[in-house]
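Notes follow once the structure below has been shown.
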Amino acid sequence: MFQDLGNFNSSKFQVSEFILLGFPGIHSWQHWLSLPLVLLYLLALSANILILIIINQEATLHQPMYYFLGILAMVDMGLATTIMPKILTILWFNSKTIGLPECFVQMYAIHSFVGMESGIFVCMAIDRYVAICQPLCYSSIITKSFVLKATVLMALRNSLTTIPIPVLAAQRHYCSKNQIEHCLCSNLGVTSLSCDDRTINSVYQLLLAWIFMGSDLGLILVSYALILHSVLKLNSMEAISKALSTCTSHLILILFFYTVIIVISITHSATMTFPLIPVLLNVLHNVIPPALNPMVYALKNKELRQGLCKLLKLDFKGS
């Protein structure tokens, strides 16, 4: 009887929705952030769409490196679109409520897209390693089949391994508090409201980050270390300059991507003192790379610049 009464009370006080308060500490003027955020979002969409159009229209760009870049563009648009519409409705219309199912779906999508972007960075690093260190074997190793298999593998890896994150979050009991000091449904932000033990949620996310993100970053660093070692052995300064120029843009974006993830993880433990920092970094991490990636690649890649100028019907003059 008492157990039944306990179950009744538990279900009675289970919340049915969360309230996303936005950016902690600046609620009174956070709507002003909508201007830079919407500009970044529109830039991310338009720049990545341009990349996809250029790659599709230019036959010379139908190569593995550009296929990976096109996949990265689609992942970037998916990542930004997962969070930005809801953030803008919070800032513009004060629409702060979000249902539990919608919140858990957003949580799943964010982790899947972030993991997919990490995986594509690995594929691009391998592509550059083979192109520079094993150029005679490039056409036989990095084929269209390799691109397809690598993409499917990364998609399956990230879509399946992130399922437990929202599933475990949904199993927690949210009995009283439903206000989240955030503008998106982060795993740790949501589960911090639960009335029961959430250790398994934190442990699984930590393991996922170390096993997959850590291994991805390790493979990338090894690939670029081998590339640097191979490049420095070249006798031609022009060849060294060209190889380093090609890889520099990749490495800058990759290091930014992982550095922000590490900073978010570290600052999350200091949320009680500086709650705005991890929230702001979390949002910017999901919108700045999608906006920067296509611009950096286009600026550093002659073929993409030519394709862009041709698309916009401009005269291209480049070395």
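Every residue gets a Cβ built from N, Cα and C, even glycine.
Residues annotated as domain 'G-protein coupled receptors family 1 profile' in TrEMBL: 47-297. Summarising the annotation, TrEMBL assigns transmembrane segment to 32-55, 67-93, 105-124, 207-231, 243-266.
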Contact between the transmembrane segment (105-124) and the transmembrane segment (243-266) (3 or more Cβ pairs under 8 Å, separation 6+): yes
Contacting positions for the transmembrane segment (67-93) when only residues 6+ beyond its ends and CB under 8 Å are counted: 20, 22, 30-31, 33-34, 37-38, 41, 44-45, 48-49, 51-52, 55-56, 106, 109-110, 113-114, 116-117, 120-121, 123-124, 127, 144, 147, 151, 183-184, 283, 286-287, 289-291, 293-294, 297
Reported mean pLDDT - the domain 'G-protein coupled receptors family 1 profile' (47-297): 89
